[in-house]
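Here Swiss-Prot flags 1-4, 132-155 as topological domain 'Lumenal', drawing on sequence analysis. If you look up Swiss-Prot, you'll see 5-24, 111-131, 156-172 marked as transmembrane segment, on the strength of sequence analysis. The topological domain 'Cytoplasmic' annotation in Swiss-Prot covers 25-110, 173-204. Swiss-Prot lists 72-107 with the feature coiled coil.
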C-alpha cells in the first residue's frame, strides 16, 4: 500500500492543478484524448465529420444551381440538403448528450476520488503519526501544533501534513506560473525590440 504521506501529497497536487488549470480545460483535454481511442463514440464523430463535409459540398452545389433554369437538379439537391441537415442535427444532439454525460462522470469521479481522500483519511488516521520530529529540537507549542488534532505529541499529524502539502504545492505552482509569465514577457520583448540600423562606414 502506498504511504499516507505520498497519497496526501498526490491528492493535494491533483486538487491544486485542477484549481489552477480549470476543470473545463482538463475535461476538454481528456475528451480529445478519449476521442482518439477506438471506441464507438469516436467512430460516431468520424461519421459526423464525413457527413458534414458531404453536407457542405451539397450546400455549395445547391447555391450554384439555379432553381429556375435547372429545377429538377435543384429540387434533388434541396431534398438531399434537407436530409443531411436533419441527420446532422440529430447526430449533434446525440454527441452533445454524450459529451455532457462524459463531463458529469469525469467531474463526479474527480470530486469523489479527491474529496473522499481529503476528508476521510484525516478523520480516520487522525491519531496516527506521519513522522516524528527530532526530540528536543522544537518548543512545546510547536510540537503541540504539529500533532494537532489528536496525533501523539512530538509527531506530525496527517492534518498538519495535509496543510503543509497544500501550502507548498500552491507556492510551487505560483512560482512556476510567475516564471513562465516572466519568460514569455522576455521573449515578447525581444521580438518587439527593433533592430538598430547599421551606421554607414565613414570614407577613409
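Positions of Cβ are set from backbone N, Cα and C atoms, glycine also.
Not measured: the values here are computed from a predicted model.
Mean pLDDT for the topological domain 'Cytoplasmic' (25-110) in the predicted structure: 90.
Sequence-distant neighbours of the topological domain 'Lumenal' (132-155) (same chain, 6+ residues past either end, Cβ-Cβ under 8 Å): 126.
Within its own chain, the coiled coil (72-107) has Cβ neighbours under 8 Å at 23, 27, 30-31, 34, 41, 44-45, 47-48, 51-52, 54-55, 58-59, 61-62, 65-66, counting only residues six or more beyond its boundaries.
Away from its own ends, the transmembrane segment (156-172) comes close to residues 4-5, 8-9, 12-13, 15-16, 118, 121-122, 125-126, 128-133, 145-150 of its chain (Cβ-Cβ under 8 Å, at least six residues beyond either end).
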